[in-house]
Amino acid sequence: MGSRHFEGIYDHVGHFGRFQRVLYFICAFQNISCGIHYLASVFMGVTPHHVCRPPGNVSQVVFHNHSNWSLEDTGALLSSGQKDYVTVQLQNGEIWELSRCSRNKRENTSSLGYEYTGSKKEFPCVDGYIYDQNTWKSTAVTQWNLVCDRKWLAMLIQPLFMFGVLLGSVTFGYFSDRLGRRVVLWATSSSMFLFGIAAAFAVDYYTFMAARFFLAMVASGYLVVGFVYVMEFIGMKSRTWASVHLHSFFAVGTLLVALTGYLVRTWWLYQVILSTVTVPFILCCWVLPETPFWLLSEGRYEEAQKIVDIMAKWNRASSCKLSELLSLDLQGPVSNSPTEVQKHNLSYLFYNWSITKRTLTVWLIWFTGSLGFYSFSLNSVNLGGNEYLNLFLLGVVEIPAYTFVCIAMDKVGRRTVLACSLFCSALACGVVMVIPQKHYILGVVTAMVGKFAIGAAFGLIYLYTAELYPTIVRSLAVGSGSMVCRLASILAPFSVDLSSIWIFIPQLFVGTMALLSGVLTLKLPETLGKRLATTWEEAAKLESENESKSSKLLPTTNNSGLEKTEAITPRDSGLGE
C-alpha cells in the first residue's frame, strides 16, 4: 500500500488533531521508561571504595595517622589507587594490612604502627570485602562482589544491555510487521515491567544479567515500534517536530534516574521504583487502536475505515472513504513498491564511489552520535562534584537541543547544523580535558555544552540520512545507520571504563570522532528545500545542485523532511537511542 496516497487521509481528518495528540503523549510517556532503563546502570553499577575483609573480628584500626576508627569509616578515605591500605589488629592479636584486592599478615605483632618493614605474607580476599557505604548502601557491584578479579563482570553490565538493545530492535520490528503494532506495544511494555522487577530481585549475578538483557530487548523493541506507531498516525505537516521531540521524553527518563539515584541508595529498591514508571502506560495501552497503515497492509479495510472515522470524530473533522481515496493504490502498480524496496541489500548503499563515501560518512556520524550521547551520560559520575546533579543537568540540556534542531535545520540547513554541532562537541571535549579537576563546575558546564551539541547531531542524523538516499534504499540506509549507532552504544561503556587508566579517555575518543565526522559532514550535500530523490540519478544530482549557485530551493522544507515515511518500516525507525 503506497503511503503517499494514504497521506491524503490527514488532509481530511487532521495532521495532528486531538486524537493524534492523545495517542502521541500516551506513547511518548513510555519513552521515559526506556530512557530510565538505558541509563539506570550509571548508579546501579557504581563501584565504591573497598578493602579486603579481615579473617576475624577487629579490635583496632589504623589508617595513616588515624587510629580507633571503625573499619567501615575508613572506606571513605581510601583513594582510587592501589597503594593505600588499612592496618587492623584482630582480637586474637594478629595484625593485617588490608588493601583493595589483597591482604597481608604481618609476622611481627609487637607494634601496630602504620609503616612496617618486616616480613609479611600475602593472602587473597577469600572472606569478601568491606565497602564504603557513605554514598550507596548497596549496588549491583557490592551485591555480588564484582571487584578485583571479578571486575570484568561489572564492566559487562552496560555493554550486554546494549547488545540486547541491538537484538531487540531487529526482533520486535519483525514481529510488529507480522502481528501488528498494537500487540507488540503491549507485549514489550508489560515485559519491561516484569523484567525490571526480575532484575531487582535476581538471586545471583547471572540471573540479574539475563533479566537486564531481556529488559534491553523489550525496551528497544518498544522504542522502534512505538516510533512507527505514532508516525503512522501523524500527518506530514507535524511529523518533523513530533519525531524529533520523542527524544525529549527519553531525556526525561535520564532526569528520573538522577533524581531516584539521589533519593534511593539501595540498588534493588532503586530498580523497583524506576520499573514502576511503565505501569501507567500498561494501564492505558489497551485503548490504543491499531494503525490504519498496518490494517490496510493486511487487507483489513473495514477495520481501517473504523479507525479513520473515530479519528475524524475526535478531531471534529469530516471523515473520508478509504475505498475512494486509495483506489489507485488498490489497483495500480504503486501497491507493489514496498516489495521492490525490500529486495535491495546492503551492497546497494555502495552503488558507486560517490555513494560509498556518503554511506561511510553517514555511518560514522551515526556512530559518533551514539558514542558521544552515552559517553557523556555514563561518564557523568567522573566529572567531579555531585554526580546526581551532573547527570540531571546533562539530561536537561538535551531537551532544548532537540528544539534547536527543529528550528535551525529549516533555517540554515541540515548539513550546516550537523557539522556545527559535531565541531562544537569536539571543542567541548577538548576544553574539558584542559580544565583542572578542582574547577569541576566549569567542567560540568562544558560537558553540558558537549551533550547539547551531540544531542542536536543525534536528533538530526535520522532525518538527514532519509533525505540523502533515494526511495529504493531509504529504509535500508536509515536502518543500517541505526545498527551502526547501536554498535557504538555497546562500545561506549568500555570507553568510560577506561577512564580508570586516564580520566579523559572518553573525551579524547569522542572528541576525535566528532572532529573527523564534522569535517566529513561538510563533504555531504545539503538537502534543505530539495525534493526527496526517487532514483540513484536524482541522488547523484544532490552534489551538483548543492555546488550550483543558481539551484532553486523549493518552498517545501517541512514536507521534504518527513516525506521519508512513504516507505516506513520498523527496521528503519529506531530512535537511535
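Using the three backbone atoms N, Cα and C, a Cβ is placed for every residue, glycine included.
All annotation found in TrEMBL is predicted automatically rather than curated by experts.
The shown structure was predicted, so the numbers you read here are calculated from the model rather than taken from an experiment.
These come from TrEMBL:
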- 106-529: domain 'Major facilitator superfamily (MFS) profile' (DOMAIN)
- 542-577: region 'Disordered' (REGION)
- 21-40: transmembrane segment (TRANSMEM)
- 152-176: transmembrane segment (TRANSMEM)
- 183-203: transmembrane segment (TRANSMEM)
- 209-230: transmembrane segment (TRANSMEM)
- 242-262: transmembrane segment (TRANSMEM)
- 268-288: transmembrane segment (TRANSMEM)
- 360-376: transmembrane segment (TRANSMEM)
- 388-409: transmembrane segment (TRANSMEM)
- 416-435: transmembrane segment (TRANSMEM)
- 441-464: transmembrane segment (TRANSMEM)
- 476-495: transmembrane segment (TRANSMEM)
- 501-522: transmembrane segment (TRANSMEM)
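Comparing 21-40, 268-288, 360-376, 388-409, 416-435 for CB pairs under 8 angstroms to the transmembrane segment (242-262), the maximum falls on 388-409. If you average pLDDT over the domain 'Major facilitator superfamily (MFS) profile' (106-529) in this model, you get 85. Relative to the transmembrane segment (268-288), the listed stretch 183-203 leads the set 152-176, 183-203, 209-230, 388-409, 416-435 in CB pairs under 8 A. Long-range neighbours of the transmembrane segment (21-40) within the same chain, counting only residues 6 or more positions beyond its ends whose Cβ lies under 8 Å from a Cβ of the stretch, are 161, 165, 185, 189, 192, 196, 215-216, 219-220, 222-223, 226, 229-230, 233-234, 242, 245-246, 249-254, 256-257, 270-271, 274, 277-278, 280-281, 284-285, 288, 314, 377-378, 391, 575, 577.
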